[in-house]
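Feature list (source: TrEMBL):
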- 150-168: compositional bias 'Basic and acidic residues' (COMPBIAS)
- 419-434: compositional bias 'Low complexity' (COMPBIAS)
- 436-452: compositional bias 'Basic residues' (COMPBIAS)
- 44-82: domain 'RING-type' (DOMAIN)
- 219-304: domain 'PDZ' (DOMAIN)
- 325-408: domain 'PDZ' (DOMAIN)
- 467-552: domain 'PDZ' (DOMAIN)
- 591-677: domain 'PDZ' (DOMAIN)
- 142-173: region 'Disordered' (REGION)
- 411-461: region 'Disordered' (REGION)
Amino acid sequence: MADPLAEEHASQASELCCECGQFHLLLDNHLYNFQDEVDDELICHICLQPLLQPMDTPCGHTYCFKCLENFMQEYNFCPMDRKKLSFQQCHKSSLLVRNLLDKLIVLCPFKAECQQIMQRCELEAHLQNRCPGFKKYKSELQRKKNPVSKGKEDPPAKVEPNTPKDPEVLSGGSSLVAESSAAAVVSLATAEPGLVNPAFEETEEDLPQRTSLVAETNTIEIHREDPEEELGMRIVGGKDTPLGNIVVQEVLRDSVIAADGRIAPGDHILEVNGVNISSVTHCQAVSFLRHPGPVLHLMVLQEKGFSNKTAQQDSTSATNREVIHVTLIKRDRSEPLGIKLIRKTDEAGIFILDMLEGGLAAKNGKLSRNDRVLSINGQDLRQGTPETAAQIIQTTESRVNFVVLRQPGVQLSDPVEDGSTSNNSSSSSSNGGSPVHHRRRLDQNHYRRKSNYQKDLPQGYASHEKTVAIKKEPKESLGITIGGGRDNKNKLPIYVTSVQPIGCLFRDGRIKRGDVLLSINGIDLTHLSYCEAVSALKSNAASHSVVLKALEIIPANSAEPSLDIKEQGFSWSPLWITWLGLPSHLHCCQDIVLSKGNLESWGFSIVGGFEESKGNQPFFIKTIVPGTPAFRDRKLKCGDEIVAVNGVPAIGMSNSELIPMLKEQRNKVTLTVVSWPGSLV
């Protein structure tokens, strides 16, 4: 196509599309410059372009949503085989097909200023935040329009110039660029491809009652008197797991994190001391978080639950609405604006839910609750999302220019932060209630993973069973310490925590730290409690000969650097990612029963499942939403693996198969899960 900057368009209807960066009619499909020739199987046979929002027909053909919708307005048959067809019979293509299409490689349309290539699903964010060509186009367009402000803007402030960094898109529940502040509160109601989100999806019957799921990014400064002291939280996730992000699984009582009181289970850790960890491996994240120091800066994404929807559509005529221009000036890029933004279910666009007390917006005093945001810094947000607004705010160095539509007399109520904290919005971003919830009730209903629930090891993992026979003196110690035991709250097998320099096993060299002990002299250790295992090891160590059977777990990325540095500050235990490689016949399962009302959601999101490119992956709990049945029950944790739903094994299922099963359960569901302790940092 021609360079968009070189084209002249007189009418407003032909303005450049901000999603694809090309000129097309409003009702037409987006246009893309693909790097390679696209497989014919992914081509729509109406427009002859790669599929957009693909729809499948009962007769097995696939077309773009808009193409098929327009075609069916004039005809009542399939374009390919001319079989009788109605649009209502068609349905969305599978998640696999949609993901393949999203991953097609495209070129930035502003080729004169930008030679970037990316996946098709990444182009919109690239244009909005990183493309110099699109930025230049918008600036020139703004100068041509030369809008006249209805209100006076604040005088410009003198700001030290900084070189802005490219914003980074997180690989989580939403494409949110996190601010290093509490500036943006976003809605996570829309999941990205690959993220199964039964907690957030709407049905026809709950649509009138549904509200936006609000989340917030905060920078938290943690102080340690002893720079070597552990933080006292357990984490799961990483780019080498289906979870993607690093998620807090648990906060330990009386720890540094618990004393600070601002980090809670379920928070996503985005940055550590300015380093983005949203796309690092699990081991790398552990290394960053274990790094000693008196002060630690953490950027976290914290979900606040569903916001109350008390605003009703106002019958006030449009003539009473007022367009207001407001400029907020940040002293530096990281200063928070203190604005909570949401989406409504009954009206398009973004609305101001609240302003944090003491924040920049509250001090300015010109924005109001329920203002509809029309644009920020000249970027049209009339059909935008809170995620897009957060990206624009985060990348702005100083002046943030708002254009808002105000309708007198309509207010929104305070958001629901979670099931147990108050509605005091001034403290929601800085405190949010204690992250240490009530002690988990230990459910004794654990059992070995059934044969029909068992699975192969995840891709890349391996395990090696070894038999070690040793001749020794009767009084000579084995020289090992152990951890785990089936009385442990995670029902772990017995594993070796250290091999001491004195003792026969150190001399032999085959038993290593982290090995799972299966038996000693024929006595099964896999079902014993910690004390029972210690007794069995001691009594059999008195023999002249000892035969140990052990299992060595070889993680998927065995090339990761050692995490033994400054180990004296940590009580050693295997990393969470190591337990994912434990053979399933050694797993202990637990049944968790959740109950809900007709208009409630279950309150959790899941990732994983079968993908053609990755094979079978476990399903993991990624998010637990405050104030929901899953949150109130307190048994389900982020990082738990879903083994079965109502007794039906989840092994081999795809996302698109498991979601309907969860959504069909109206008031009660039984989840069979395996829970592994997160890595301690």
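Start at 1 and count along the chain as shown; that gives each residue its number.
Glycine residues also receive a Cβ, built from the backbone N, Cα and C atoms like all the rest.
Across the domain 'PDZ' (219-304), mean pLDDT in this model comes to 89.
Break the domain 'PDZ' (219-304) down by DSSP state and the numbers are 14 helix, 33 strand, 39 coil. In the domain 'PDZ' (467-552), the DSSP tally of helix, strand and coil residues is 17 helix, 34 strand, 35 coil. Secondary structure counts, DSSP: the domain 'PDZ' (591-677) has 15 helix, 31 strand, 41 coil.
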